[in-house]
Structure formats: C-alpha cells, structure tokens
Amino acid sequence: MLVQGGPWVLSVMSLLLLLWQEMSAIEVPLDQKIQQDLKQPPTIMKQSLKDYIVDPRDNIIIECEAKGNPVPTFSWRRNGKFFNVGKDPRVTMRKRSGTLEISFRSGGRPEDYEGEYQCFASNDFGTALTNKILLRVSKSPLWPKEVLEPVVVGEGSSLVLACNPPPGLPPPHTFWMNSAMMSITQDRRVSMGLNGDLYFSNVLAKDSHTDYSCNARFLFTHTIQQKNPFTLKVQTSRKVAETPPNFLSPTGTDSSRMMVLRGQKLQLECIAAGVPTPSIKWFKKGGDLNQKVKLDNFNKTLRIDSVSEEDAGEYMCMANNQIGSIRHSIFVQVKAAPYWLDKPFNLVLAPDESSRLVCRANGNPKPLIQWLVNGEPMERNSSLPNTRRSVVGDTIIFHSVQIGSSAVYQCNASNHHGYLLANAFVSILDMAPRMLGAKNQLIKVIENNRTFLDCPFFGSPLPELRWFKNGQGSGLDGGQYRVYINGSLEIKRARVEDQGTYTCVASNILGKEENQVRLEVKEPTRIVRAPEHQSAIRGTMARFDCRVKSDLTLPITVTWLKDDKPLSLGWRLKKDEDSLSIPNVHEQDEGTYTCTVKSEIDQDTASARLTVIDYPDPPMDLEVSDPDKRSIRLTWIPGDEHNSPVTEFLVQFEEDRWEPGQWQNLSSYPRDLNSVILQLSPFVNYQFRVIAINSVGKSRPSRPSQRYQTSGASPDAIPSGLKGWGTKNTNMEISWEPLLNTEQNGPNLHYSVWWRRKDTGEEWNNVTTVGAKHIVHDTETYVPYEIKLQARNDFGPGPESNIIIGYSGEDKPTAPPTDLHVSNIDSTKVNVHWTPVDPNTVLGEFKEYRLYYWREGSMVKGLHVNKEKKTKGFYSTVAQPTGILTDLQPYSHYRMFMVVANSRYDGPPSNHVDFHTKEGVPDLPQFFKIVQRSPESIHLEWDKPLEPNGILTGYTLNYQAVNGSRVGHMQMESFLPNVTAYRLRLPDQAIRYRFYLAAHTQVGAGKIYTGESPHFTNEEYFFSSVEPTDVSMSTTVPPPLPPTTTAATTTISTTTTTTTTTTPTTTATVTASTTATTPVLVTSTKQADTNVLGMAPGRVIWNLTVKPNSNYANVSWNHNFPIGSSEFQLEFTLDGNGSVSSVPVNQPPIKLAGLIEGAKYRLRVYSNEYHSISSNVVTFETSAAYIKDQVDIATQGWFIGLMCAIALIILILLIVCFIKRSRGGKYPVRDKKDLPLEGMDQKGEDGSFDYHSDEDNKPLQGSQNSLDGGVKESDDSLVDYGEGGDGQFNEDGSFIGQYTVKKDKDETEGNESSEATSPVNAIYSLA
C-alpha cells in the first residue's frame, strides 16, 4: 500500500514544497525592442464565437488571429479531421493570419460548410488552439399554408389564439397586429405569452375582429412573415357569469419544473382566465423576491436577467378575483456550464526556475479538467521529461525548467452543458540585463517629500539591482533608502543633502547594465499669505492676498479661479505679484476665489469667499390698518438685505400742518418685526415711511403710506424748563420751554401761569399767554415765589405742573468783608483771614468771597514786574473763614482786597492788605551757550535768571567727561553773581563733557541747565532746563506753573485778569535759549500733554504776527478761547537743520528770546488742550549782528585791492570822456541807441524842431532836462554802457559785461567809426 501510494504522496509533497517556496515568473515588459527580440510561443488573439450563426447571403468568415515570435503558421480541423484549405477553391486563408473566408460568388451552398471548426497556431515553441466553433447557417422558413376557421366564443369565455411560428435559426421574434398594421392593444385581460400565443382572460363583445394576425421577425434576414389572420366572433349575452380564475399558462398540474443555466435569462409565466379579470401575484418559498426580480406583462411574467445559484427554488404565482383564487408552483433548477475560477496565464521563466500553471473551473455538474500540450493530450506528449513536469489535479508543476522546454498548454474544462478552453504558454527565456528607462534622467523633487527614483530593467534570469550615490560607497538600502523589486529607489524624506547623481546597476549571469538619475531637491511652493474670506460693500475695492514662497530656481505661475472656473482678468480686475484687486465690486463679483500657484513639480492652492454687501432695498407695500384714537398698525414687506442682515427698521412720519415736507423720526423696531403699532399724537395728519438699516447703512426711504388724521384732544404734556429769575432787582421773569408741535394736540395753544409770594398765604396771580415767558414787575429784591404752569387748547386744559420756587432780581451787596489780614507768609503762599458779611446784605444768591490780588513789585532792585490782577474765590459760611493763596512769586510785594459776590454783582471792597513773600530759589538762567572755538578749549556763556526770586549769591557749574554710556568723575566750579562766562581748557581733544548749571540764592539752588560739548569746532549748542534726576528727552522749556490753591475749610476758584503792566512790551517772557547752529538733545521734566486729541467746537487761532529782532522776537495772535482757561504751545523750527522746539505759554503777546542771529525760523501756535486747533505757519528771519569771531570782508586785502582797481578804471574812463568832450570830437559811449552821433535835436513847444549849434548851451548827451528847463545831473551809470543794462559785478568785483557801443539795426558797418569799445581801447585812443 505504501508503494502504491508513493507517487501520490510525492506529488502532494512537491505541491506543498512549491507552495511554500516563492513561485516566480518573469513579467515581460511592453518595451518595443524587447518584444521584438523576445522568442515566444503562439497566443490566440481573436477567434469566432463557439456557436457561430452566419447569414446565408454573405460570405462566411471564421476568425483565427494569433501572435508569436517567430510568426505562427495556421491549420484547421473540421469535424475533428484535418481541413485542407488549399484544395477547396471557395476557401482562402488571410496572409499572416488563420482567418478563413468562404466565398459563394462562383456558386455553392453555405449549408455545405456547416460543421465544427478548430484553428491551430504553431511556431517553433508550441501550438495554440481556438475553441471548437460550431458553424450554422441562419434559417427563416415560410409559414405553413393553412386555412383558419373563424373562432366563435361566448362573451366572458377565455380564449387562446395560437401563433406557432415556423422554427428558425435563431428563433424569430413574434408580435400581433391587425390589418391596419397597428399592434393589438394589450392589458391585464389581453396579452401575449412567451410562446407567442395571444391570451384572452375573458372575451368581450368589443374583441370581435377579423384581423388578428401573428407576425414573426427573423433577425439575420431582417424579414417579417405574417400568419393568416384569425376572425373572432363573440356571442353576446345579457349577463356574463362570473367565474373563478383558472390558468391558461402553464397548463396541467398545480406545479411544473424548469431548468436554467447560470448566467442565462429566467422567465416564468402565469396567465389566468376568469371573470372579472384575475390579478397575478408572485411569491418565492422561503423568502422574499430579491431585487433582481422584475415583473413584466402586467405581472404575468417574472424575469431575472442573469440567473445565479441562489435564484434556484420554488416560485408560486397566485391568480385571484372576487370569486376565488388559484395557485401554481414552479420549481426552478439552476445548472451551470463551466466557468473560470483561476484561468491559466502565460509563464516566462528563466532557466532553472520553477513555477506552476493552475486551471480551476466550476460548474453544475462539476466540470472535468483535461490538460493538453500543443493541442495534444498530455499523455501522448513527451516533449518534457516527467521529472521536469508533474500534474497534480488542476495544476501543472514545473521544476528547474531548461532551455528548449517551451510549449503551449491547453486547459479544457467540460460538463454536459458546455466547455471552456484556455491556452497558456510556458516560455524559457535567457537575456542579459537591459535598462528600459530614459538615460541620465533629471528628477526634481520637493524637500521633505517621499521620493521614488525609477530604474526599470529586464533580464532573464531576473537581474540583481543595486543603487549607488555619486559613484561611491556600497549599495543604498536601509535607513533613509529602500529598494523595491521593480528597481525603484525610495527616499523616505528627501533633504538638500540627498541631491546628487544616483546610479542603478542590474546584473545577472549574462552581464550587467547601469543607468544614472540626477536628483535635485527644491524648496516647496507655498502660499504664505492666503486670501481670507471677506465682505465688501458694493462699489468699494476688494483685495485678496496671495503671497507665495518658492524655490528661486523653479519658475512659477499664479492663476486665479472664480467658482472653480478660470478668472478672466480684464480692464477692471487687476492681478499683481501678491494679490488680486477687484475695484468697484458688484453682485456678479460674489463667489469663491481660488489662488493656484504652480511650479513644474508641485502646486499649492488657497481659497476665500467674497461676499458683496450693500445697502438694503427699501421696504415695500406699506399698509396702515387697525386705526385708533392715538395708534395705528403699520405693515410693510422688507426688501432685499444684500447679504447684510437688517438690524432695525426706522419709521418716520411727516405732517402737513406745522412742517409740511419735513420727515421726522418716530420710532425704531428690531429686524424681526414688519407689522407694528405706532403710538401717535392727537390732531396730526400723519404720513409714514420706513427705512431699513444694516451694517452698510440706511436704505432709501420706502414709498409713503396713505395719510391718517388723528382727532384732537387737550394737551398731555407739561411744559418743561419752568423757572423764575429776575433780570432786574425789581422784576421776576417766568420762562419755560414751549410744547412741541406734535404735543399741542389741538388748535389755539396757550399757557396759564400762576405765581404768588412764598409762605405769605396770599392768593395766586394768574395770566394767560401764547408766548414762552411772562415778566412780573414791581417785585422786592430777591424774594422767593411759588410758580406753576398749565398748557391749554380748544379741547381743554392739560395737566398742571409741579410748584417750583423762583426768585426776583438781585442787587449789589451792601456790606464788605472786614478785618482782611494775612498770616504764615511763605515764598509762594500765604494764609488769608476775614470777617464775613451779614447774609441779608448780599441781596442775592451768595456765590463766594472773591479775593483780588496783584504783584506790586519785586524786592530785587531794578526788576520790572507785570501787575496782572488775579482773582481767587472762597466759598465759606463759617463764622471765622480762612483760605490759602498759593502760586505767588517769591521775594515780591503783593497787594489785595476782598469782596462778597452774588450771581450778578460784586459788593464793596474790604480793606487793602500789603504783604511781602519770602525769598526763594531762582528760576533758570536766561540762556546757556556752549561754544567750542578751538580744539583746546570750550567757551561757556549764560545770563542771569529773569526771576531771581531773591538776592543772587552766585552760580554752580558741575561737569564730567562722557564716553557713550560711561561717565567720569564730577567736577565743580563756583562763580560770583556777576560772572556769566567761563573757559574750560581741554586736556584731550577727543573728550566730550556734560555740563550742569544752576543759579543760587540764600535759600538754595534753582533749576539746572544741562548739555554736552559740541562735536566740532565753531558749533554752538543751546539747552533747556532739567531736574537733576530726570532722564527723559525733550526740547520743551517749562513755563511757570499756573496758580493753584488749597484750603481746609473753603472751596476755592481762581481766575486771572490783565489789568496794568509796568513793562510796555510783554506780559510774559518765555526763554528758549538758542545760539548759532545745531541744537543738541536736551532733557526736561516737563512734557507737553499729547493725549488730548479732542476738538473744541468753534475755537480758532488767527492773525499770528511775529516781529523779529537779532536774538528775540515779539509774537502775538488772536483767539477765542476763554481768558485764563487755556494754555498754548509755541512751536518754532530752525530751517538750517530742521530742529523743532516747543514752548508752553499763556496769553499773547509773548517775547521769544534766545534765538540765533541771522537765522530763518518757521513758527506756529496751537492749543495745549486741543492739538488740532492751530494757527497758520509764519516764516521769519532774525537780523544779523556783528560777531567778533566772524571775519570782516572790508579788512581783507583782496577786497581792498579789487576796490582800488575798480576805482582806477572808473577814473581813467572819466578822463577819456572829458578829453573827448573838450576836443569836440564824437562821443562814442551812448546810453540810448537812437541818439544821433551829431548834435542833438531839440523839439520846441509848438512841435517844431529848434537847431542849436552853441556847444556851451547843450547839455551832455544822455542827460535829461529838469521840469523848470534846467539841466539835471546825469544819471549815467556804468550799466548803461553794457548790452541790455545787465552789467553786474562778479564775486571778485570785476564787471560781467564788456563795454560795448549800442547800434541801431539800420546802421551799417560803413557808418561805424573806429572808436574805442572798451576801457583798454579808450586808453589807447589818448595817444
């Protein structure tokens, strides 16, 4: 038993071994050159159908096409025997093809060639077969002649008209028609069965016809044959009896069977008779009908187009009507002709390789598998030794194949229902490696991307492939690299260092071949600023950004799409390098815009949507309804929102009584309301309109609604603003705000006013007026009154107002404060005390105790002061009031007095008080100059402070060396008060110094100037004040602080009033210290307030006037700011270097000191509180002054020599002219070209000419007569001797033009004398 089972066990073990091992087969590429060189067995490419039906009228063509190398030869078998094509003259075979063509032009019958054909294609490496082709000739026989008797049936009976078409090949298609060639109408009652018969479930009288004809259409011959028509006669009856259903098809038993092949069409039919006509329903036992099932012919036919095994089973059809029902079962059995599970495919093997051919098929019943080799059963073929080939079931296993064992294998799978035949060749190939791709390819990839370098190759045996980079090192595989079996090299993440030349080498036992690929790694193309979604108002510009970053070596193109379609850029749409601009957007511009940037190896896209928004359309179809006394309903239809939702609706009204044509706002409503109740006023003839509002703005108003008139009523409102106040000490004016037009509620509006003395119990006084005020006369001074008011019209009175308290007019207070005195006198403040007045003497509403004070003089001898009178208010009701007066000038004599004030008047003054403030620290020196006139020293100059605030005791100068951020040791110099200059010798020319200067009194040091030494010789710097510890930078000089006060028991207000002045030119002097040229950065603790940007309504600055001097300028301007409540900034710019300085000041005029002599400035004034309020800019120039360091041109030798030369030339000219004159000769030098060279003609008073010959009485040529007849002195100048009078001096003092004689255009050269034309010639003429 073991011996008997040996081969089978061996086969199974071999199969398992081969399944475990890798089965290899060579895939031959479609390379044209390889295909030309490749030797292969034949392959069938085209063949005719297995069941081949031909038209007898045409030639018969049986196809058989195959390919192979060498080109195959063809042979045929007919009915299993060799078919000698050459012996039959009607049969020919096409060149390089096996296709047969049978021609019947010379006679013959196509039926003689019916049979089974098979084609064989052979070459040196094997033979391939076609299927067995069953050739049959199409037949369309005639209908047998027959005589059809009329068919007579009773009404309600069933009927079948048989068709029985003649058998044809293929079977004909049948249909029923009448004599008019119209199809017989079919429905649930009348229909044609699958066999072609016409079924009547029940016959009606209308079915009586004589032309029921069955027709058969034959597809191949395209002919239609008609059967003799039936004549149907229906016998009618009064009543048709109802009958239960019975089946006309299928007939017989309650069940039937049907077999169908897999993949074919299944059609099941149930046609039933009965009265009334039965309906048909289908069921499948064990489940529902699946989706493949289709019901045709009014549910009489069940159809499945492609049957599969799961469609087998029992199908039931049920016919039922009102009388009963009937069923029929059809058992469907599905069989299958063979079909492929694994179809064998061609194998190309290298020598010593192993592989297999698999042929797996299925069917019902299961098909039988048979292998053939080159068209012969494998048992008969011995071309391969059994040791190289073994058959295991449906598989052929090949072991270590060798050259010469190529063949074509056929697999034949067959059962009772058909067969399958497949060819698969086994080709043994040996070929040296070949590269299939392009040589020296350049690959460009994007950095950090996964990259494949392809190296397609072929060879047999399969070559081994290796990759190298830049021709060095071992093969690339592993880590960053991976080599695929098809030759591709994967670089998992390409980097810049991966650039280079890669070489792939393919080798086998027959040789080797290599190819190179050059790799360049590029930066990715990216959109770094993508377009963003945006909404644009119609008519504005929309802009989409698309900024791109890409590799500089890759050209890119940027394109724009709109809604995924190319955007046409015309005259309106503009595309630049980084954006797309859409000016004047409109609704058609709305959409999605996509920016696409492409390079040759990558691309990037970004999209954004443009939404065009606009003002909403006006509401439409306004309608008023539900009228009431004081309300009405208004309804409207909203308009288009234009992509911006409406936020609210504004309802406006217009009335035609007081302000016709004037639309006024009534009320607003949210966007979700379009029907509202409007609250109205009486006695108004209304008309309404609605405005829609969105984020863009307001829509156009809607069309007005119809008018609505409200009825009148008495006033509802109480006039507001009721008050009583005296304009004189003997009256009281009662006033109020009149009612609005829409508040009057009726005609003839007037007001009733009541008043009476408060707390006296007297009767009310009453008056009626149409105005908005009433004056009560002959009142006592400042007496309280009770007042009330009521509005009335023709419909009645309105509500009364509440009672308010008013007062009659005020008078001047009669008593002054007494015992005014001061205490605790300091340098800048003093305590003030006084005795209050009796409140009854105020004669009005008490406002404050008002203190008037002014500076009488300074205790510093010779210092003039501004006697500007100022005020300060103290509100106090205590028995012993006190206050503090601050912001006084130190070391000064002050005087003051006090009054009590009501709302209108000041009372009589108190006693006058004089006091002297104590000594304080001095103000800044007026200027501080630092001048470096030579590299060895620095010259410092300053001036005493404008306000010394005491007796000056001297100055302190601190200085230290500076080098960037590093500073040296501080050094100090002290000076007496009369010293205002200092010269500092420099130990090193490269050292720079920072200086700090302050003035002193006995109290201490004042504010400090600071500055650094200039960079270059002859530079002068000017500096502003600083606090010693401040480090902020500014060129602003701080002004004196404005007065402020504090008090423990009083409320204080401060005002300033200009009264008299002891200095006639200015009321305030502000120093902006400047010198020669370039200002340096300076430090200051005061900075202008730049945060106030508001605009004061109606405030202006005008008429800026500047009167400059050498080093100062008087500045004045006009303004309408409240006096004492506004500060200004003087901003002046030095044209020489553009440096800007700003000085805070109070009221004009101002003396701006410390300017540079002979410099040009630009100046403007602006409000310190409102920077946007400014004057015009004025340009001025300071006058030049003599500076001892400057060089006087008049003392220069070259200038003296030049002047002497000019004087000598003028003297020589005068001598020449005098000699010519005295000799009586011609005078060639003329100042007017039209003067004659001879004696001058004089014109008399009567218009005639007077000729004079007396030379002594003639004036000199060119001179003019005086008005009294005398001779004026000659006004000749040297300019007159030059052409055009343009003679000028050059910078060296010489003349620009030469002395030339002017000539008339009419004069000729012949009339010219040879007189001297220059000073040199004039000198020569003396000889």
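In case you wondered, yes, glycine gets a Cβ from its N, Cα and C as well.
Because TrEMBL annotations are produced automatically, they should be read as predictions rather than curated entries.
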I'm validating the feature mapping. Which of 563-589, 698-724 is tagged region 'Disordered' in TrEMBL? 698-724
Per DSSP, how many helix, strand and coil residues does the domain 'Ig-like' (245-333) have? 3 helix, 52 strand, 34 coil
Can you tell me which parts of the same chain pack against the compositional bias 'Polar residues' (702-713), counting only residues 6+ beyond its ends and a CB-CB cutoff under 8 A? 618-620, 622-624, 627, 629-630, 632, 634, 636, 654, 656, 680-691, 745-747, 793-796
With pairs closer than 6 in sequence left out, are the domain 'Ig-like' (433-520) and the domain 'Ig-like' (42-130) joined by 3 or more CB pairs under 8 Å? no
When the compositional bias 'Polar residues' (702-713) is classified with DSSP, how many of its residues are helical, how many are strand and how many are coil? 0 helix, 2 strand, 10 coil
Over the domain 'Ig-like' (433-520), what is the model's average pLDDT? 89
In DSSP terms, the domain 'Ig-like' (338-427) comprises 3 helix, 52 strand, 35 coil
